[in-house]
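> Okay, these came from Swiss-Prot:
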BINDING   S143, N144, G145, G146  FMN binding site
Amino acid sequence: MANLLIVKAHPLDAQKSYALRALEEFQTRYASLHPEDRIEIVDVFEDQIPALDKPLLEAMGAAKRGEAISPEQAEQLGRYNALTQQFLAADKIVVVNPLWNLNVPSQLVSWINTINVAGLTFKYGPEGSIGLVKGKKLLHIQSNGGVYAGQDPAAQYIKSIFEFLGFEDIHQVFIEGQSADPSQSQVIFEEAMAKIDQILESY
């Protein structure tokens, strides 16, 4: 039995988002192939994702020094650490997001901050940082109005972050071009799902 963690980073629903529509179909197909696997979902728009702000940074520093922190800081720090541990416990990760202004939603960045933890997911070496997260798989699904073929900053950001952490098994599927040619929207979606089906054969 494997643990699958889905990170949902879109505030709309599947009727209004090609990315979430693809996620729904992915979940159905994945569950039929791996009925024993455990699936957890983090919705970065609905769940509590602590922002890496001044109170949280101060709480992190105080905790390392063994100093007291406020109940509010303890709650935020506890949630932050829980998200890190949830990520580490997962065998497979699915990240689903739109491309907004050539970037990912800021809420997704906040979640990504929780998985970049020195000493847990990477360490500092004499020649640079070393990723500590090995043997996990990533599937990144992103919807784009235009066609970027993975060269947009958001896609590159996701890929580089997970490579930095040590991931080697990375797949990216882009549902893109619907705004450029709305008449081809269904064809574009079906082509993306065909790619996802192919990935599922070994995912």
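Glycine too: its Cβ is placed from the backbone N, Cα and C atoms.
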> Under 8 Å Cβ-Cβ from N144 (FMN binding site), six or more apart in the same chain: what's there?
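Spatial neighbours, sequence-distant, of N144 (FMN binding site): P98, L99, D152, F174, I175, E176, G177.
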> Taking the binding-site residues one at a time (G145, G146), which has its Cβ surrounded by the most other Cβ atoms within 10 Å?
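Of G145, G146, the one with the most crowded Cβ is G145.
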> Among all protein chains shown, how many Cβ atoms are found within 10 Å of the Cβ of S143 (FMN binding site), not counting that one?
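Other Cβ atoms within 10 Å of S143 (FMN binding site): 24.
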> According to DSSP, does N144 (FMN binding site) sit in a helix, a strand, or coil?
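Going by the DSSP assignment, N144 (FMN binding site) falls within a strand, counted as strand.
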